[in-house]
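Chemist: Below is one structure. I have some questions about it.
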Amino acid sequence: MVEPADRPSTAGQRLGAPESFGVSTLEPGLRPPTQSPGRQVCIRVQMLDDTQEVFQISQRSPGKVLFDLVCAHLNLTEGDYFGLEYQDHRKMMVWLDLLKPTLKQIRRPKNTILRFVVKFFPPDHTQLMEELTRYLFALQIKRDLACGHLICNDTSAALMVSHIIQSEIGDFDETQSWQHLLHNKYLPDQDAIRDKITDCHRNGQTPAESDYQLLEIARRLEMYGVRLHPAKDREGTKLSLSVAHTGVLVFQGYTKINAFNWSKIRKLSFKRRRFLIKLRPDPTNAHHDTLEFAMSSRDCCKVFWKICVEYHAFFRLFEEPKPKPKPILFTRGSSFRFSGRTQKQIIDYVRDSELKKVPFESPASEDSPLGSPHVVVNGNGSVNDLGMGSTGGLGPEGRQLSPLTSPLLTEAGYVRNDDEDEARRKKFPTDKAYFIAKELLTTERTYLKDLQVVTESFQSAVGKDEAFPDSVKNLISANYDPVYKFHQGFLKEVEQRLAQWSGRSNAHIKGDYQRIGDVLLKNIQGLRQLTVHLQKHSECLVELERVCRTSRKVETLCREFEQQRVCYLPFNIFLLRPLHRLLHYKLILERLCKHYPPTHDDFRDCRAALADISEMVLQLQGTMMKMENFQKLLELKKDLTGIDNLVIPGREFIRLGCLSKLSGKGLQQRMFFLFSDSLIYTSRGMTPLNQFKVHGQLPLYGMTIRESEEEWGVPHSFTLFGQRQSVVVAASCAPEMERWVEDIRMAIDLAEQSSSPNTDLLSTSPSDNKLIEDGGAEQESEEELCGSRSSLERQGQRGNTTVHVCWHRNTSVSMVDFSVAVENQLSGNLLRKFKNSNGWQKLWVVFTNFSLFFYKSHQDDYPLASLPLLGYSVTVPLESENIHKDYVFKLHFKSHVYYFRSESEYTFERWMEVIRSATCSASRSLPSTRKDLY
């Protein structure tokens, strides 16, 4: 156990620095800000740990000088999340304006103490890139709990206090914990729940892990980051207004009764004591066009209006708004504007300067998904948004930067004018066969890059580590290197032929080169010589999983490699790419044979090549389908916690998706996973890996299913009657319910045909057994909040997977959909335009695994951003949208709209086809290449 005296107490000590120094997260050579000449004044600032520091500033210095001095003192990079507040002469707590002189705001500096506190609360603490920033946020949560600002139930309060104590004194010791609680006040009514606090106190967590868990619990609370401003509505009802990253909130007491999203608000203003919210016109909205709230004074209105302006700019804008020119004669209204970096600028700055930061080791500071969203956003990818929605990556509003509007993509191309585009189009052939051959070229480029992930990037990552078995290294190298070398030559031939076909080479006779069948026939015959290596690829996948299962160090190596930007998909998918590529060749040749008349010069070669590749596909498709199921089980194993024996022979994955489960608390969102022998349901767990915590398992043997919408009064609901329990669930819409019911009935039939009931999937820990026996929502919630130690031991962050996308978009995906997605991979250049922009931007786009990945060019090693397409709709723009261009399709999800423009009718139809395969759930009928296996 760690004694209190030995426990790090300051931010610097927490992050491994000597006691007399902070931990510098600033760029090398960065110094405190320069000050204006003049008499120096001392200003006292109270830090989040309740210590007071004195700073000297010039009389004329603006507030930004003082704020920068405080951030430099703390060595804080992400300082823009914080602010300095003080009590003014009207006894009101106000924020220090960074643009105005400090002493014009603080009339009595000797008698004023400014407080350094959190000003902007992001919806997800994983958006905070520095451990020091998270530590300061944890101190803010500690202060809010102690003063009663963060209202929550006793269970949540006890959990949060237990994590604070864990961070301060270390592992649980009954005597020491009691003494610590006696001498420290964390809650106003702490004595009443002291036993609960000690029961939740954990062992084995580092301070950084404790901060992570504290912030994860806090961010889920309704009062997280809420600062109430008293007001009244038109009827005189006492209310409170607050502002958050999503918009303006309305509270009655401590209950949120309304919320107005930024996208719905047209204007915020105040007139004397009245605060006005003007909404955008919406026929479906019952509210008036203008909402009016009365506050106690004009000053109260102005204080709240200012923080609303700052919150909107910080979370919604890409960069700091530029000052408007001052009017010459008259001023009208307030000239206040937001000053400082926006959240997007902070994230980009910290990410871009990552190599310059002083390193420190903390599980909570590893790359986190951005997202996300829409991804993830991702810390190292995604998504980690994932800029998506108000969730992990993936909802459409708020939480993370949109990958399509990141500055990385702003650099990805240039804006083209119409004349240049039309001139370019006239240079190229219009024959459909040319564009089919060009699809072969573009997808071959992407395929070769994917092979490089296995043959170069992965081999380089594990090659020098002695823990990785030489037998597996040699197995992968021996069976992937020959395939990679073969396709290097194949790609060169295709590039040369397409250059000759389009007339961009010195070939004098174009006619002999306006064909691709001879190149395909020659290389597919050469590819047949590599069948032995292709058959070994399944063995590579199995062996890699075996060594990961038996060696924690190898598992860590593989997981760390998956966090690299070059590995933009789960690594196992790259291992199966050569098998999937055979299907692509077959489909391309089928389209060529369908296009050519039998008398065409290229028809005979294409038909012969099609016969050869069809024979290879038939020979390998059994292995291919088994490996796809095996790979999907391995991927799900990483997404789930609290489950054992998921990957066993004979188990088939059928569907995963989001359903609402009816319990004593009403409908609760749950993630369901359907296999050939059981159905399990989960909720999103609070782990560093964003895994889903398993809550229950329903064996399919002996199960019956009945639609129960009339019985329970819940739309699209049905009841599952198992041998031990019954569960009522509801889908988001009628088509979703039909898909689930059809697949569950099919799975029940499969389970009935098997010779024995299924193996129990759930972990055998006492907490899990208790959970299954009780089956109540209260036990689920408490177990979820307490977290899982085993999941904490698996450090690192995974990007937003299909499971997370389904959770946030409230949809489902079947194994049939995955199989169709394997065949519908596509890549090529597209022009992209936003809803409110005029120019078209050229991007290299790859469609795979239900997502679009965006690159500057096909030569890039890793994508700049991604967009998961589940839940999106793909259509043709309406006349009212004034696009007036050919071959344009539109992607839209709620308020997000993107336009993409292709170069020909054929490529337009192909992009529409493959994207629809991701946005529309596949029917039970599969393409002919796979029908027989289901």
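Even glycines carry a Cβ here, placed using N, Cα and C.
Unlike curated entries, TrEMBL annotations are predicted automatically.
As annotated in TrEMBL:
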COMPBIAS  755-768  compositional bias 'Polar residues'
COMPBIAS  775-785  compositional bias 'Acidic residues'
DOMAIN    41-319  domain 'FERM'
DOMAIN    432-623  domain 'DH'
DOMAIN    652-749  domain 'PH'
DOMAIN    823-920  domain 'PH'
REGION    1-37  region 'Disordered'
REGION    379-402  region 'Disordered'
REGION    755-794  region 'Disordered'
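Have a look at these and tell me how they're positioned relative to everything else.
Modeler: Look at the domain 'PH' (652-749): DSSP puts its residues at 20 helix, 50 strand, 28 coil.
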Chemist: Counting CB pairs under 8 Å, which listed stretch among 432-623, 652-749, 823-920 touches the domain 'FERM' (41-319) the most?
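Modeler: So the stretch in question is 652-749.
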Chemist: Would you mind giving the whole-number mean pLDDT across the domain 'PH' (823-920)?
Modeler: 90
Chemist: DSSP says what for the domain 'PH' (823-920): how many helix, strand, coil residues?
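Modeler: Per-class counts: 19 helix, 42 strand, 37 coil.
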